[in-house]
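Below is one structure, written out as structure tokens, with a few remarks after it.
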Amino acid sequence: MSALTGTGGLIRLILRRDRVRAPVWFGLVALLVIGVAASVAGAYPTEEARQVFLHTTNGDPTQLMMIGPIYDPSPGGLAAWRVRGQAALLIALASLSLVIRGTRAEEETGRAELLGSTVVGRHAALTAALTVAFAANLVTALVVALGLMSQGLPARGSLVMGLSVAAASWVFAALAGLTAQLTKTARTATGIAVTAMGLLYAVRAVADVGESSWVSWLSPFGWTQRMRPFAGDHAWPLLPVIGLILLLVAVAYRTSARRDLGAGILPPRLGPAHATPGLRSSLALAWRLQRGTLLAWAVASTAFGAGLGGVARSAAEQLNASEALRGLIERMGGSRPVDGFFAFVIYLMSQVITVYAIQATLRLRAEETSGRADAVLAGPVGRLRWAGGHLAITAAGSGIVLAGLGLGMGLVHGLSTGDPGGEIARLLGASLTRLPSVLVLAAIAALVYGLLPRLAAIIAYTALGLCLALEFAVELLRADPSVLRVSPFAQTPGLPIAEFTVTPLVLLAAVATGLTAAGLAALYRRDLG
Amino acid sequence: MSNVISVSGLVKTFGRTRALDGLDLTVQAGEVHGFLGPNGAGKSTTIRILLGLLRQDSGTARLLDGDPWRDATTLHRRLAYVPGDVTLWPTLSGGETIDLLGRMRGGLSPQRRAELLDRFELDPRKKGRAYSKGNRQKVALVAALASDADLLILDEPTSGLDPLMETVFQESIQEERRKGRTVLLSSHILAEVEALCDRVSIIRRGRTVETGTLAELRHLTRTSITAELTGPVPPLTGTAGVHDLWTQGNRLRCQVDGDALDTLLGELVRVGVRSLVSRPPTLDEMFLRHYADDLTGAAGERAVVRR
């Protein structure tokens with residue numbers, strides 16, 4: 001029996017199991033690219049408008065950081081700029097989750113053992129998962145290319161655009177194939193791969209803001225960016241991409257060949273034989289379960305804040321040089337352009353940090369479905385106390401992650417202005433002002449968990465997605481900015497640029513409390529498990 | 001208070017599946033009560049209602065003189081539970097889990113804990129995700145047995161244990177019985193139930209079909225007879241209460257209902273008996289008799305949902 005025996009069967013199994021999930025995820029990415037391309041053409045109909053837009057964008061460090069520079073003022077060039085980065089991130093996430101679901105997650109649950117006892121070779125699972133992931137990306141690339149061509153965009157550019165998105169995703173599929181060999185749990189394997197993805201995207205962001213080409217070479221996102229769809233259409237950056245993929249896959253197979261089924265390379269450690277005296281309540285347990293995730297988010301957001309604090313001054317100078325942006329900031333009431341930069345990134349980051357808040361809230365669901373909640377609830381612990389403990393940690397944790405962002409920004413920026421104390425106080429305050437908005441989304445998650453537990457994750461993340469989509473609609477489709485009023489994130493004052501007002505904060509806090517209370521009331525009534 | 005658990009007419013439906021269909025269950029104080037039934041009969045659903053995790057659609061359930069749903073928190077101080085499919089927190093060690101569960105219930109004796117760990121040969125330092133199924137069950141068992149709860153609710157607690165550990169488990173439950181604790185033991189291992197239980201309830205498709213002591217249940221069921229006679233076997237086919245008759249010359253084998261035993265023996269004695277072996281029904285046979293209809297007749301409509 002060769003190491004690959006049974007790969008075909010496993011491929012069919014993955015296709016059968018992910019027959020809804022994969023087409024939706026990959027399909028939405030393709031639709032996003034095609035949809036944005038269609039709307040860009042309408043938003044900037046004339047060559048002149050596009051030239052102006054290119055000029056302001058390439059002078060705006062926040063845009064350079066989040067997305068990168070525009071290479072060409074054609075409709076295709078703008079579309080490529082606007083959506084390539086996000087599409088690559090989303091589809092890479094889809095790829096790495098597909099690969100880990102097909103490999104480590106199967107081993108962790110023991111299903112792989114069931115399959116492994118049949119005629120299935122050692123490398124079959126890894127090969128099947130990688131094959132499906134690579135093929136799904138290729139199909140997505142072709143769909144994107146066809147979609148763009150159907151809008152009258154050049155064929156070559158359309159194809160390069162599709163491939164550049166898929167190429168980044170291939171890299172992370174291969175990386176996930178490797179991390180799945182290293183750890184015992186799917187969660188850790190995903191965590192490592194996603195962290196690597198975030199760091200490599202951040203490297204690209206730093207490179208683009210600093211206009212440093214050698215830094216950009218450190219990240220696969222920098223390589224695929226160099227394919228420049230509709231602005232030169234290069235195929236050669238695929239060479240380093242393929243090289244890296246081959247390297248990762250080779251290491252993954254080598255690791256897979258040398259370990260036991262179910263085991264990782266990073267060894268499992270023994271724990272203490274006795275619990276610390278503090279571990280004696282459901283709240284203490286919730287803290288124990290959540291602290292790792294919270295620590296990771298707090299460190300990441302502080303580090304990211306420090307990075308933003310570091311680029312703030314040069315960013316502000318560039319903002320000042322751009323007349324349109326300076327005018328905008330002045331109209332919003334800000335005298336210092338650097339404050340405009342901070343207000344914008346805090347607004348944006350608070351939505352990213354909401355992912356933590358939703359994730360932490362949905363811990364309740366994971367505890368319930370795994371049956372671990374039963375062990376606690378069969379003890380003298382009421383449902384409200386059990387759920388309340390997790391939610392209290394979520395609320396406090398969201399505050400800590402936001403504070404980390406403000407602290408990082410304030411410290412690094414303050415060191416450069418010579419007033420760390422003052423800057424930390426100001427930016428810490430500005431970040432924490434966003435807490436009520438974040439908590440409203442967490443409260444929506446808690447409400448749905450109480451009412452419709454099966455749909456909790458989908459509805460909560462969709463709500464967050466809609467808030468981001470509104471932003472997109474206003475920015476790209478020129479929708480009336482007043483639609484943003486629906487979003488809890490637009491309700492909190494945009495410190496440090498805007499005036500501080502306490503009323504919206506109180507109102508949002510009241511809404512969050514009300515939604516959470518309704519969720520807990522529903523939880524109290526329903527069946528568990 | 002003589003009844004620790006009293007359940008009557010319990011009904012619970014999940015969508016179109018009727019998991020419990022008028023189930024009755026009475027567990028008296030100080031007894032070890034066996035709770036038997038095939039997969040999907042409703043054992044776990046009943047237990048989850050008793051724990052206040054599910055709410056019944058109709059019928060009544062009383063637990064330790066309280067309402068399992070409304071008084072869950074206070075009742076749970078007096079009971080310990082071992083689920084059939086134990087899942088542990090992957091990052092907590094077994095020892096931490098035992099301590100946590102014990103402390104939440106109001107503390108556990110370190111001495112008893114050490115003794116049980118030793119007896120079950122469990123390493124408390126391993127992380128939850130590193131334990132095998134049997135060892136996860138041991139963690140839950142040690143946590144439950146180390147508590148001083150009045151009532152133990154055990155849902156197939158030994159399905160992952162090896163025979164040696166099964167013996168250790170049985171010894172531990174005998175000890176608990178001597179201490180006067182009440183145990184509700186849902187199980188598939190009939191030898192275990194025969195060894196431990198004072199009374200049993202057999203349920204099928206969400207209903208109680210038999211309940212009583214093992215002796216009472218045996219009385220209701222068939223005894224198997226093997227005999228060699230001094231002359232040819234008399235014509236017994238058609239005799240009321242005699243089943244599965246097999247004859248060959250002077251020898252016969254059959255199953256006989258409790259109340260037909262007298263008639264049958266009379267017939268045999270009239271011919272003259274050279275040897276006779278009479279064996280009371282094993283629990284396996286009683287069990288199989290109740291489930292046989294499931295396997296043949298209505299196998300298709302059998303409820304398969306566990307929760």
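Placed from the backbone N, Cα and C atoms, the Cβ positions cover glycine too.
Residues or ranges marked as transmembrane segment in TrEMBL: A:22-44 (among others).
If you look up TrEMBL, you'll see A:83-103 (among others) marked as transmembrane segment. Residues 10, 14, 18, 22, 25-26, 28-29, 32-33, 36-37, 66-68, 125-126, 128-130, 132-133, 136-137, 140, 161, 164-166, 168-173, 175-177, 179-181, 186, 189-190, 193-194, 197, 201, 204, 221, 224-225, 229 of the same chain sit 6 or more residues outside the transmembrane segment (A:83-103) yet have a Cβ under 8 Å from a Cβ within it.
Only residues 6 or more beyond the boundaries of the transmembrane segment (A:124-149), in the same chain, are considered here, and those with a CB under 8 A from a CB of the stretch are 3-7, 10-11, 13-15, 18, 22, 26-27, 29-30, 33-34, 37, 76, 79, 91, 94-95, 98-99, 101-103, 106-107, 112, 115, 155, 157-159, 161-163, 165-166, 169-170, 173-174, 176-177, 180-181, 249, 252-253, 256. According to TrEMBL, the feature transmembrane segment maps to A:124-149 (among others).
Per TrEMBL, the feature transmembrane segment maps to A:155-176 (among others). Beyond the ends of the transmembrane segment (A:155-176), by six or more residues, the same chain brings 29, 33, 76, 79-80, 84, 87-88, 91-100, 130, 133-134, 137-138, 140-149, 189-190, 193, 196-197, 220-221, 223-225, 227-231, 233-235, 237-238, 241, 244-245, 248-249, 252 to within a C-beta distance below 8 angstroms of the stretch.
As annotated by TrEMBL, transmembrane segment applies to A:188-207 (among others).
Annotated transmembrane segment per TrEMBL: A:235-253 (among others), in sequence order.
TrEMBL lists A:294-316 (among others) with the feature transmembrane segment. Panel annotation: around the transmembrane segment (A:294-316), residues 61-62, 65, 191, 195, 198, 202, 206, 209-210, 336-338, 340-342, 345, 349, 353, 356, 360, 393, 397, 400-402, 404-414, 416-417, 427, 431 of the same chain, lying at least six beyond its termini, place a Cβ under 8 Å from a Cβ of the stretch.
Residues 61-62, 66, 290, 293-294, 297, 301, 304-305, 308, 312, 315-316, 319, 332, 334, 390-391, 393-394, 397-398, 401-402, 405-406, 409, 413, 427, 430-431, 434, 437-439, 441-442, 445-446, 449, 456-457, 460-461, 464, 467-468, 489, 494-498 of the same chain sit 6 or more residues outside the transmembrane segment (A:341-362) yet have a Cβ under 8 Å from a Cβ within it. Annotation comment: TrEMBL describes A:341-362 (among others) as transmembrane segment.
Annotated transmembrane segment per TrEMBL: A:391-415 (among others), in sequence order.
The annotation transmembrane segment is assigned in TrEMBL to A:435-452 (among others).
Counting residues 6+ beyond its ends, the transmembrane segment (A:459-477) has Cβ neighbours under 8 Å at 36, 39-40, 42-43, 82, 351, 354-355, 358, 361-362, 441, 444-445, 448, 452, 483-484, 486-489 in the same chain. Here TrEMBL flags A:459-477 (among others) as transmembrane segment.
Taken from TrEMBL, the feature transmembrane segment applies to A:497-524 (among others).
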Between the stretches A:22-44, A:188-207, A:391-415, A:497-524, which wins on the count of C-beta pairs under 8 angstroms to the transmembrane segment (A:435-452)? A:497-524
Can you work out which residues elsewhere in the same chain, 6+ from the ends of the transmembrane segment (A:235-253), have a Cβ less than 8 Å from its Cβ atoms? 123, 126, 130, 160, 163-164, 167-168, 170-171, 174-175, 177-178, 180-181, 220, 223-224, 226-227
Who are the chain neighbours of the transmembrane segment (A:497-524) in space, where the CB to CB distance is under 8 Å and they lie at least 6 residues beyond its ends? 329, 332-334, 339-340, 342-343, 383-384, 387-388, 391, 429, 433, 436-437, 439-440, 442-444, 446-451, 488, 491
